Each structure stands twice: as structure tokens, then as C-alpha cells.
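As C-alpha cells, the structure follows; a few thoughts come after it.
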Amino acid sequence: MAEGNNKEEVIHLNNFPCHRGKEWMAVREGPITISDSSDEEGIPMLVTPATEQQEDDLDDDVILTEDDSEDEYGGFLDLESGKKEGEAKPGPSSKQTADDIVNPRLEQKVIILGENGLLFPESEPLEVQNQSSEDSETELLSNPGEPAASVDDQLIGEEYWLDHPYFQAPNPQPQERTNQVVPQERHSESEMGPMFFRHDFPEPAFPRPEPQQEGIPGPASPQPAHPLGELEDQQLAIDEDPGPAFPLSGPQEANLANMWEQEAAEVDQDLIPLLVKETEARFPDVASGYVEEIIHLKNYYDLNVLCNFLLENPDYPKREDRLIIHPSSSLLASQDDAKLPKIDFFDYSKLTPLDQRCFIQAADLLMADFKMLSSQDIKWALHELKGHYAITRKAFSDAIKKWQELSPETSGKRKKRKEMNQYSFIDFKFEQGNIKIEKRMFFLENKRRHCRYYDHQALLPAVKQEQEFYEQKIKEMAEHEDFLLALQMNEEQYQKDGQLIECRCCYGEFPFEELTQCADAHLFCKECLIRYAQEAVFGSGKSELSCMEGSCTCSFPTSELEKVLPQTILYKYYERKAEEEVAAAYADELVRCPSCSFPALLDSDVKRFSCPNPRCRKETCRKCQGLWKEHNGLTCEELAEKDDIKYRTSIEEKMTAARIRKCHKCGTGLIKSEGCNRMSCRCGAQMCYLCRVSINGYDHFCQHPRSPGAPCQECSRCSLWTDPTEDDEKLIEEIQKEAEEEQKRKNGENTFKRIGPPLEKPAEKVQRVEALPRPVPQNLHPQMPPYAFVHPPFPLPPVRPVFNNFPINMGPVPAPYVPPLPNVRVNYDFGHMHVPLEHNLPMHFGPQPRHRF
């Protein structure tokens, strides 16, 4: 048989030219080796003659081993389709019976060949006795006239070689299976009891039934053949009345159910912890051990079934520490937690000093990267930057790049590489926050010859991580620079060709790649869209980003917004949009937790609000927003009056809320800083700031002319223009007076306590202080006092000053006063000792008066 071919060899005895009783007996003493090729020597197969049966000595049996395949079994081997089913068939041979006893796990097939070579299939079900292997061996060996021991040995050897994978077929064909009959003494079922064989190797927990063909009974599933050594510890399972695999009844069905439960329990040992973990992640408040108990009691091995059971029975036992959240809960997951951010090794404030080993490796790597720098300078910079490789290399790279840009050329021609010499230097500079490191570092005369190199696997984990981080960041920075250069070249090409496109908002000219568009293809630059979205989302609180073209009613597609807007603006836009959509659909049912502002939907008739936020889980009253455990059995007013401090706090909260107007449509709080009293919410609703009613336009306000601040004499409508501070103060005073009057009525005048902030004492009047005298500079030399002002005895005609007719007694007109310099202690504003002039006269006073000597 060729190597690699696992097909079984079938021996047809009718093909021998001579009678089976002549030449066969002559050569039965020696083994026969059957091989497909003379060049290849396979495993020898011993062919021994079967023991002759007493009923019919003309028919022999050929024993074929069954294939291990579980998908194809129970087939029918049809050697001749024209054979009738009603013909008589001989019984099994004693050789077959002996082999069944020796090898109970081996499922064999018996094909009975007649003299004409036709197959006689068995049509009647045969009874199989529940007999142990020892009894069968004893009975077989006690039969006189037959060499039982030799037959058994030959049978064992034959089946062992046939079970070898060398003789197994690659594509086994479906074959017919028959039960073997051992002519032995029948025992009662009560004595032996039904026994079922169980494999040692793992099998499916729920075996599928075997289809029956041609009404031939057989076992429920095929039993693979094994060597005899593996079968010594196995039990022999023989059914007394073989029948179809399904259905079973009586004790057989009970034993089979027990076997299934036992195997299913083994499989579910790993499934139960997983089910408990996933269920507790979805129901974090369930009591510990309750889920596992439900799984065992109700046999719920499906996550959906467990969740439905807990949802349908909300009164399940809850854990006492309800605020403790399961760490794997999906409610705690977010986009930031999904992927932990990596350490930014370029941020000096987040770095911690490394140990000496990392410092040495980082210094060796830097000395190999910068061979023209001194090792002392490299170690100094590395020490100043806490021994981190990435940030130190970036600082050196920036300094070298700046030196390459600013260093002068030695000649007029541009060189590809600058020459370095001992007089060259770089200015190492690192600035980040309050940290500033500077040092001038000179280049070496020659490059460093000896450097220590490290294999990537030999680096310490911290140094390896920083090296990978630096390479990744440098790659990203290079790609970004290339992208910016490409955009610049693209814009220059657009400008050269005159193909720049105008923005419909700022009317600037941009290339097409820097523009975005609305659904109607109106083009806008990205900067205009970013500013428009930022103002709409953060300023107006709107989520509707309509087109900025005046006549267009379209909006910007979400794909365009995701490409243009930054992440912060985009997330806020989605948040606003979700809030408006939920508020529009469930305006009356949307409730927010007073502690964490977590939104949830609650029926209008439900008063208790349980916060679904796993970090909060507080139960509060929907109306007064007080804790439900203190509110149970009391109304909101009774709860407020029960505690004086809480009552006062509630009144003060009302006074604080008086400054805030809430939209009647979406409940958004509004505060007026300036403008008219017509308030517009982001949801589109309009309300009056004074009376807080819903309005539409300006018809609600007074339309008559009147003086500012004076009431209208013709109508009682609200004023369009008022001071918001005065309106809020009036409303707060009204709430305060009502609360104080109610407190006096209940507790009396003696126990009255003021509600609200204490009264502010009027500011004390400060006596008016006259203007301080003009400070006189303290000169080094004392200034001589001016002469007394004396009027001349008679008027003199005015003399126009000319360059050569100045009067002798008249000095130059002084310049205006200049304050002294802050850093100069001496003002040098000295008066002339021999020219008595009045320095304090204003400039428009005219010429100085004359003095008599």
C-alpha cells in the first residue's frame, strides 16, 4: 500500500483462483505481506483465516475497521444493487465474536460474501447480551477443537495494524453497520443493568441523533477504533435490545440525561463566570451571588435570557453599597477611557527623573546621534532635562537646525552641508513654561570616533519607549510639514493660474481644498465655518448650522462639519443637537438630576427620580429636588417646614432663582445682562423678562411714547426697556418679605430671624479731602526765594522783543513744568540767582513783570 494512502485494504476471497480450503491451508502458517509497491515497504498486514462456523463452513468473513469520521457513518455498502433483500443470511463467525470480546470499543463491520461474491445484508435486528469480557473469554477458550489463544492473538494483531493511520482511507465511504451476536447465555436486565460507554476524550455536550438507513439498527454515534492498550481501563457497554438512537425510554433515557447534564456542567464551568461578569456589568446594583444562583436554579445559560429575567423582575436583591460601580460597566466607558493617552515625553512638567542606568543608555545614544558635540555638554543637558532621551534629543535637534539656518556661509556659493570647525558653536536653548535652560556649546574639532551602540532589544524599557516615541513624533512632524508645504505650493499654483475661489462670507480668495460647502454647494472658507459654529454652539446654544448665504435655507452636512470643525466644537455641537432632539420629543418627561445634571426620561405621574448615572445613583423628589429618603411620607411643604435650616435654604434658593428666567418650552435658564425685555431662547421660544409669559413679537410691550423710566399713563403693559438689576432686586425683596411675614405669623415676633443675606450697613461718609499741594522736587541745592511781586509805579509801553533789544532786567520766559524723572534724584530745576522771576505764573499770563532794583 502506498505511503500516505489511508484507505483500507479489502480482501475478496472469491477472487482467488483455487478453492479456499486447499492452497490457503498450505500457507496459513506464515504471514502474508500485502504492498502496492515493491519499492516501498509499509507496515505488514497479517491475514489469518477465520474460524469456520458450525452452521455454514463455506462462507468466510472479512473484518473491516470503521473510520474515525463523525460526519460520515452509518452508510450502506452496495456491492450489487440487484440483490434481493429477502434472501437468507448466515450468522456471524466465532472469530468476529472473539474480536468483539477482546476489543469492545472497536466497532467492526461484517460483510458476508457468498460463493458468487454477492453481499448478504442482514435485515433482522439481533440481540446483544450484556456480558463481561472475562466471561466471554472463558467461554471461548473452553471450546474444544479451536486454538482460541492463537486466534485471539492473530485477531488483535490484525486489528491493530488495520487501525494504523497508514491504512486509513483519506475519503472514507459510508458503510453499513451491523450489530454482533455472541451466542451466550442470556442474563436478565435486572442483574446486569443498562451500562453506557463514555469516552475519555471530550465530546459535544449534546450529541445529535444518528440517521437510520434501511431500518438497520445501530449505535447512536460511531465509536472510533483505538489500540488495545488504551482500552484496558474502559467498560464494555452492550445494549440488550438495540434500537434506534432516538428516542430512548425508561432507565436508558434517565442515564443518558444524567450523562448529558454531567458533560454540560463540565462545559459550563467556564461559561458561568463570564455570564456573571457580563450581567453584573449591565446590572451593577444586583446582589453578589444572585446571578449565579439564578443560572443554576433556572438553567439560564444565555446572557439575553438573564437580562430579560432581571428586567421583568426589578425587585431582585440589590447590594447594599449601590454607589460602588462595576469597573467594567459600559456606562463608565467613554471615548477618552477607551484608549488611554500615551505619555507626552516632550512635556517637561509631566516627566520624572530616571535612574542611573537609563541615564547612561540615553547619554550613549545621544553621543552616537551628535558626534560633533562634547560628551560633557550632552551629559549636562541630559541631567538638566531629568535624564529623558526624547526631550533632550529634540532640544539638540532644534538647536542644530537653528544653527544651520543662521550660521554664515564661508563662500558665496551655497553648500549642501555646512563645514564645522572648532570655532563653531550652537546656542542650546530650552524654554517651556517657567523652565529656561541656555548654554553655548562648541563643536569638536573632529567627529567622535568611538561610540557605544545598543541593539533595540538591549535597551531598557523606559529608554526604548522614549526612542519609539521620538521617532513617531518626528515622523508625524515631518508629514505635517510636507502637508503644509504642499498646501502652500498648491495655493501658489492656484494664484498663478488665476483659479482662486471667493468665499461667500468673508469674500477672501482661497484654493478649492481650503473651502467647504453647504448642501446647496455654496462655498465658504474653513475659518468662517469654524467661527460661525463656535458662536452658534457656545454663544447662542443652537445646534442648527444653516447656510451663511442669505437666501439659502440649507444646512451644512455632517461630513463637512467633521472634516472642518475642531473636536471641542464638534462634540459640543453633537451635545446641543442631542439635547434639542430629546427635549423636542420628550419635553414633559425629560428630568435632570439635581446633583449631577444627568438627563433621563420619567413619566409625568412619577414623583421619585432615580438617577441612572452610575456615579450618582441618588433618589430625589421630582418637584422639590430633595432626597427621597427624607421626603418619604411628607409633602414638599411639610418637608421644607420640618427643618428650619432647610426652610431658610429653600427660600434663599428661590431668591437666587429669581434672577434666572427659565424657558417655558425647553427649561433652559436665561439671565439678562443688557438689552430689551424680549428674551429669545435657543429653542426659538420667546418670553417677557418681566412677567415671564410666552410672547410672540413686540406686541406684548407698551407702544405709547413716554419718558424713560416713567410708567405709562395710558396702559399697564410691560415696558420694553428696563434695568434688569432693579427688576431682580424688586422681585427678591417681594419673596423675602413674604417668607418673613409667614415666619412671624407661625413663630411669633420673638423668634423672628431674617431670611436672606444680612443687611448691608450704609457706607460711612468720608470727609472730603482737599487736593494735595503740588509736590515740590527736593533739589540738591536750595532754591532762592523769589522777590516780592511789586507793581510798577507807572505803565510803560510794551516793547516787542527782538533778538537784540531784550531789556536788561528781563530774563527768558521759563518753560512749562516737567515732572521729575523717576530714577533721577536731582531735578536740576534751579532758579537763576540774579534774575528774580515768578515761576508759578501760568503760561497765558504773558510776559514777566518788571522789577525795580
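The count begins at 1 with the first shown residue.
Keep in mind that glycine also has a Cβ here, set from the backbone N, Cα and C atoms.
Feature coiled coil, per Swiss-Prot, maps to range 463-479 of the set 157-173, 463-479, 667-683. Per Swiss-Prot, the stretch carrying the note zinc finger among 286-314, 344-372, 663-691 is 663-691.
Cross-referencing His631, His704 with the Zn(2+) 5 binding residues that Swiss-Prot gives (Cys688, Cys691, Cys712) picks out His704.
Neighbour list (Cys503 (Zn(2+) 1 binding site), Cβ cut-off 8 Å, at least 6 residues apart, same chain): Glu509, Phe510, Leu515, Leu523, Phe524, Cys525, Cys528. Lys342 (SUMO2 cross-link) counts 9 other C-beta atoms within 10 Å of its own C-beta, drawing on all protein chains shown. Residues 651, 654-655, 658-659, 689-690 of the same chain lie 6 or more positions beyond the ends of the coiled coil (725-751) yet place their CB under 8 Å from a CB of it. Long-range Cβ contacts of the coiled coil (463-479) within its own chain (Cβ-Cβ under 8 Å, at least 6 residues beyond either end) map to 342-343, 345-346, 358, 361-362, 365, 388-390, 393-394, 456. Ranked by Cβ neighbours within 10 A across all protein chains shown, the binding-site residues Cys506, Cys528 are led by Cys528. A distance of 30 Å separates the Cα atom of Cys506 (Zn(2+) 1 binding site) from that of Cys676 (active site).
For the pair His631 (Zn(2+) 3 binding site) and Lys607 (SUMO2 cross-link), the C-alpha distance works out to 11 angstrom.
According to its DSSP assignment, Lys473 (SUMO2 cross-link) is helical. Counting other CB atoms no more than 10 Å from each candidate's CB, the recorded positions Cys525, Cys636, Cys676 peak at Cys525. A distance of 24 Å separates the Cα atom of Lys654 (SUMO2 cross-link) from that of Cys676 (active site).
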